[in-house]
Amino acid sequence: MGRAGPAAPAPGPPGREGTGSYPRPVPGELRQQLFAPATAMEAFCGSRFWDSNLTIHTDYPDLTPCFQNTILAWIPSIYLWSALPFYLFYLKRNKRGYIVLSVLSRFKTLFGVLLWCVSWADLFYSFHEALQNRTPPPVYFVTPLVVGITVLLATLLIQYERLRGVQSSGVLIIFWFLSVLCAMGPFWSKIMTTTPQDHVNQRFRFTTFYVYFALIIIELILSCFKEKPPFFSPVNVDANPCPELNSGFLSRLTFWWFTSMAIHGYKRPLEDKDLWSLNEDDTSKTIVQQLSKEWDREKAECKQKEDVSYMKESNHALNHVGGSPEEAEVLIRDKKHNRKPSFLKALLRTFGPYFLIGSFFKLIQDLLSFINPHLLSILIGFIKNKDAPAWWGFLIAALMFICAVLQTLILHQHFQYCYVTGMRLRTGITGVIYRKSLAITNSAKRSSTVGEIVNLMSVDAQRFMDLMTFLNMLWSAPLQIFLALYFLWQTLGPPVLAGVAVMVLLIPFNSAIAIKTRAFQVEQMQYKDSRIKLMNEILGGIKVLKLYAWEPSFSEKVLEIRKNELRVLKKSAYLNSLSTFAWISAPFLVALTTFAVYVSVNEKNILDAEKAFVSLSYFNILRFPLNMFPQVISNIAQTSVSLKRIQQFLSHDELDPNCVETKVIAPGNAISVRNATFSWGKELKPTLKDINMLVPSGSLVAIVGHVGCGKSSLVSALLGEMEKLEGEVAVKGSVAYVPQQAWIQNATLKDNILFGQAPNEEKYQNTLEACALKTDLEVLPGGDQTEIGEKGINLSGGQRQRVSLARAVYSSSDIFLLDDPLSAVDSHVAKHIFDKVIGPDGVLKGKTRILVTHGISFLPQVDHIIVLVDGKISEMGSYQELLKQNKAFAEFLRNYALDEDIEEDESIMLEEEEVLLAEDTLSIHTDLANNEPVTNEVHKQFLRQLSIVSSEGGECPNKMSTKRRVCEKKPAEPPLPRKNANEKLIQAETIETGTVKLMVFWQYMKAVSPVISLVICFLYCCQNAAAIGANVWLSDWTNEPVVNGTQRNKAMRIGVYAALGLLQGLIVLICSFTLAMGGINAARTLHAALLENKFHTPQSFYDTTPTGRIINRFSKDIHIIDEVIPPTILMFLGTFFTSLSTMIVIIASTPLFAVVIVPLAILYFFVQRFYVTTSRQLKRLESVSRSPIYSHFSETVSGASVIRAYKRVQAFVDISDLKVDENQKSYYPSIVSNRWLGIRVEFVGSCVVLFAALFAVLGRNSLNAGLVGLSVSYALQVTLSLNWMVQMTSELETNIVAVERIKEYSETETEAPWIIEGKRPPEDWPSKGELEFVNYSVRYRKGLDLVLKGLNLQVHGGEKIGIVGRTGAGKSSMTLCLFRILEAVKGEIKIDGVKISEIGLHDLRSRLTIIPQDPVLFSGTLRMNLDPFNKYSDEEIWKALELSHLKRFVSSQPSMLDYECSEGGENLSVGQRQLVCLARALLRKTRILILDEATAAIDLETDDLIQMTIRTQFVDCTVLTIAHRLNTIMDYTRVLVLDNGTIAEFDTPANLIAAKGIFYSMAKDAGLA
């Protein structure tokens, strides 16, 4: 206003000395001071420089010609010249190729040249006048010269930018805009004030000015158009490049380029293909490269320093004659000092400069935010002063609007820079960690589990990302606080300190709450983890729970944990509502204390509108930095912990790539090792000592030895995976490696075998044939395109091993290192593989093969045998030679030969192991689509890789099959008809799209309870009413007339104000309490309903739904309902009512405002709808694309040795980069969508400010200052709440879906009731144990064929029945029918004459006993695993353990019956687990026992124990055995032979053999007949 500009002396800002007395002559002495320099100015211009009567105190303002010709004309030039050096520097650094000369560019240049001509025409006209002795004042020479040169510079810049490939120049747009702005004054003045006579005198100058004005407007319009993309720029091959690169300056400033995606997302849900590709600078390739370079540089610098200091020290030691000891000490200390390379430095160097640009924007925005309160005070002064000209008011309103809009634009640029930095940080850190994880040594890897490393990548990198947003608050908060206090001091003086004191006192209060909340969070996380772990086990073993009728016990355990979890939640909810109370009441308390102290200190202190409302605006500015500052500090503390962890991980030792020599080797040999000693880590004792071996090219070498003697280590050593302490190793040629535990990627089966090699169909088919995979492909749902789950979860152990072998065979390397590939497969398959692949006539003949094996039968066929004993080679030679020596090897043979003999009989087992039905496949895969980061990968200790030691001495021939699912679903159907070739494992989960139905909100309200919901809304209305009341009261107070220099009834004024404010705080407190309670209530109800339903759901649901998907409901969705939805609702209601009350206040004070509300509301609504749909979908895409990063990473870490062996490191790094980029591709638009929204919503807010001020100016005659202050200060706050409201709507809509998902799973169909009152069977039922099937048929699920067709049979009490039949005949289905896991289609089963379909499921299931095929144990004590309901006494349990041969083992454990079983019973061997199941059966001891034999031979010893126990202990019970090995049932009463769901034969074994039917042929195969 009064400010004239930098060079102009000016009267101080008006309205400071006395309130609002504007039209006031400048006192004499002041005028002397003011215009002393002005005389020089006058000489320069030839006229007055400044005349306030002409400019300010008039209804038609005008500027003096002198001011127009100097200040206004020079502003654009000053701007352009000061920006020039920086801009040129920027252009030099950034070249994007040049742009072809376009019509646009030609016109811009043409008009620029014309402008230059026009300016200099003025200059020459001045010379012309001078020649005619009418010398004009100097300004008429200087200004045209300056303007002319500046315009010429601008024209040259246009061309220079074109050559550097700038499509749209911000610098020039601002320049032309300023020029037009500054030319407005003279333009107005020339039209308004000139007399006809002036026209004649100044005709030339007038003409040139009008031409100049027209040209700069044209230039401004032209510069807003953008040029075509540059020529020769790197060709963009992207199908869908990001429009940001080619968008113009204005489009970038307002994020207009994003609009296309917003509209797209509004019309239909976005998909992957709609996402733009990343900008070059944001891709992993660019960022990780830069960061790695800086990190390597940092490491190199540290190393250099270290070397220098070592040198110094050694010299010192030599010359240490006269040197003082202190010096030596300093050096040593020094050395320690500069040892660690700092990852932070590397990060700063990589990302610092970019981030600083954002900080610069923040600085400007901070300064701008203080202008509006200042303008408010001027506005209030203007309202009070009834004589002021109206245009002042309009100017103030316009300035407020411009200031608000500028603030918005700049703030969002700052956020954009911060978020992009955060995003790049995450990309960089993820990439660096991934690359490091492929290079670290095994000992380093052991120091952190896979889960921890994945955590570094997910949690710690995320922390950096979150910190970036607010990192600038570190300097910005103190700055804002200081400025606000300074201005407050100016307004109110010392009483401000009272208010500040209150604020400062609230900080420790808030931080105390924060600390406590964090503690609660940790506690609650522990409960949550244990609940999820338990749920995981329950869902894994749900079938066993059903068979044993154990659901109530486990349900109780879950609810117990949940109760504790909610207890903690409740506590933290109380705390949160306290902090909400503090946050809402803080500004009010501060204002209250300040005003109270202000009016009490001095009678003469009057609280007028200006002081009150301006102070309030400053307090509102203070609120944010004061709250954020402690938070940023604590965030920095957390991030520094993360930084340390990442730095520590990145500083781990790496494997030495030159540990194994690959070039030089003795001719004719493929591998040579001389005097080598290896260990798993520098600090560990050597595992292999003095190894000497030469392997001739093309030979087959077997390595044998006892468990743990170093066989696998030797293979690892040849791969370079171990630390070589001495000696040398050379390996010539490419290597293929088959580890002991097959490593399978989450990809299709074919990709697992090809492993990045070029596909070659013939070779591929031969490989499959050789590795016996052909039969497996037939049963997998998608053939070789079947997607394999994580860790190969939907393949059996044997299949995994064969895939791993096929990968090696297909790679056609020169050397094959096979680490015991035959132990996981059945014996006949092992024979097939040895003959077809490994042996002398296999596919690999002529290649060098090293085979670790336990299979003795193959040893006679190998070329050399190496015998290892305790890490040393005890003997080597051919089979015959070693037998003759009769040393360690011969003893080894004797130990193992016994097992082999028994196995030979069994080798004709049905190939059950190989048949894995689609059914099985579906049921197991864990759906990771939206699991949270894989932190729960508690990894089995790394040592398992060294050698798998089972708890018994020997290694059981089938340890891998323990992972296999209960095979009872096998007979379900014949192999499914081939579905489309690339059948995905998982039917995609339905992703919810579109808006959320109101139904869901209603369901949530019902869970909270409708009454509480209404109460909450009512309370919110009260709270806002109280808030408005307090402010209206304040405005009324400020209007109280001043009598004798004081205001009356101060005490009453303060009292009512305080009462209203505190009432508001109190209501907030009650409200958030109520909401928290309601939320917890809802959480309890929803979880209980979900759990209840899941325990009652029939088995078929679990067979077709991946556990992961159910677990997701229990973890992620419940988490959202517990912790995310209530605060979101709180925020939403808060912002909604705040915005509402703002509108009410403004309309009440200026009713005209109602007219504008409708169009603004419509604009707001549209922006909000566009944003919400797009951003929700982007969030979903982002979370879906995030988990593959982590699962691929944990997969890589566990398969690092295989990846290195096959030299695929780079390929895997590329895959990881690709996955990260895919994720950032959806993250980047979601950042931008927030900026896009912010700018549009805040524009609506700025309009509210503009209209509030405008209508205040228009209606100033009827308004008092207090009301204006009230309405405008409300308007200034509205922007924030409007913005938050949209964000919260979006959050709420995104998250409320969880309620829907949980509801969906709480309402799936249930099985029959557990107990039917009035139909309960007698206590001792079944007393006889008679079974009868009457015309019984059953199918697995609707739409599938019958599995059992019209069975009729009768079993008498105490009979022993064996059930046999080929795979798929329906053996297992029979047992499932007895337990009613499958319900009959027609017919019925009677037990002791009771129809089982009429009694409750638990009554039925608890009276039958089963020993299932796969022993399932739950984590917990051994007692809990035997007797979850605590029904039996200790004696009974010990008796059962004794009979099941476990007593010795259990009594040897220190905790006896309380021995902790780990998850899945991992700390017991498979055999022991089977015996635990036997013990369960012995405890229950019911009249009917069903024994489902384990498919693959667990160790034979256990098997015999079980059979023996059953024969002795269950003499008088009815026993049904599903037999896979006939020798177990040859002495049974009768044998039932099933074929294709019908009874083929049913008689005593002897009769059946005599009848020469199916049973006979089976017995013949097994060598029993």
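The backbone N, Cα and C atoms fix where each Cβ goes, and this holds for glycine too.
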Of the residue ranges 1-23, 185-207, 967-989, 1289-1311, the one that TrEMBL records as region 'Disordered': 1-23
Criterion met for the transmembrane segment (1054-1076) and the transmembrane segment (170-189) (at least three Cβ pairs under 8 Å): no
Feature contact check the transmembrane segment (495-513) with the transmembrane segment (1237-1259), CB under 8 Å, 3 or more pairs: no
Same-chain residue ranges lying at least 6 outside the transmembrane segment (170-189) that approach it to Cβ under 8 Å: 62-63, 65, 68, 72-73, 75-76, 79-80, 83, 87, 154, 157-158, 161, 209, 212-213, 216-217, 219-220, 223-224, 249-250, 252-253
Mean of pLDDT values spanning the domain 'ABC transporter' (1331-1565): 80
